[in-house]
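Inspection log for the structure reproduced underneath, given as structure tokens.
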Amino acid sequence: MNVLLGGLVIFATFVTLCNASCYIILNDMIPGDSTNECTDLKGNKHPINSKWRTDNCDSCTCREKEISCCTLVSTPVGYDTHKCQKIFNKEDCRISVVEKNDPSKTCEVNAWIM
């Protein structure tokens, strides 16, 4: 029974890690025109097949017809929202969960989702 439970926990962890939040931005294409770059939402240009990280911690890739981006940030769920708060760190793309009254103490988080 413990082996089965352990296997389910490992499986659930991989499903959570692989279920990233992603979106696509279509490139403005003119029929007959070939382009070798993408323009992101901020107006920055990126060469085809290049990758970059946005200020909001999304990992993006420029492709011929679109830009595809996926979040790098796991979001905590299943914690005491009355006692604890989320703090987002853009430098390392992580959210920490700490006590509202004493931010030096971390809170227990039951699950993380992408």
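Here, residue 1 is simply the first one shown, and the rest follow in order.
Glycine is treated like the rest: Cβ placed from N, Cα and C.
Features of the protein shown, as given by Swiss-Prot:
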DISULFID  C22-C70  disulfide bond
DISULFID  C38-C62  disulfide bond
DISULFID  C57-C93  disulfide bond
DISULFID  C60-C69  disulfide bond
DISULFID  C84-C107  disulfide bond
SIGNAL    1-20  signal peptide
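What Swiss-Prot annotates, mapped onto the structure for a quick look.
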residue : record         : Cβ within 10 Å
C22     : disulfide bond : 13
C38     : disulfide bond : 25
C57     : disulfide bond : 17
C60     : disulfide bond : 20
C62     : disulfide bond : 23
C69     : disulfide bond : 22
C70     : disulfide bond : 13
C84     : disulfide bond : 21
C93     : disulfide bond : 16
C107    : disulfide bond : 17
- If we check Cα distances from C70 (disulfide bond), which of the disulfide-bonded residues C38, C57, C62, C84, C93 wins as closest? C57
- Note on the structure: Cα-Cα, C62 (disulfide bond) versus C69 (disulfide bond), nearest Å, comes out at 9
- Message: Between the Cα atoms of C84 (disulfide bond) and C22 (disulfide bond), what distance do you get, rounded to the nearest Å?
- Response: 28
- To the nearest whole angstrom, what is the C-alpha distance linking C60 (disulfide bond) and C22 (disulfide bond)? 9
- Work through the disulfide-bonded residues one by one (C22, C38, C93, C107) and name whichever has its CA nearest to the CA of C69 (disulfide bond). C22
- Query: For C57 (disulfide bond) and C38 (disulfide bond), what Cα-Cα distance in Å is obtained after rounding to a whole number?
  - Reply: 19
- Could you give the Cα-Cα distance between C107 (disulfide bond) and C22 (disulfide bond), in whole Å? 28
- In whole Å, note down how far the CA of C22 (disulfide bond) lies from the CA of C38 (disulfide bond). 17
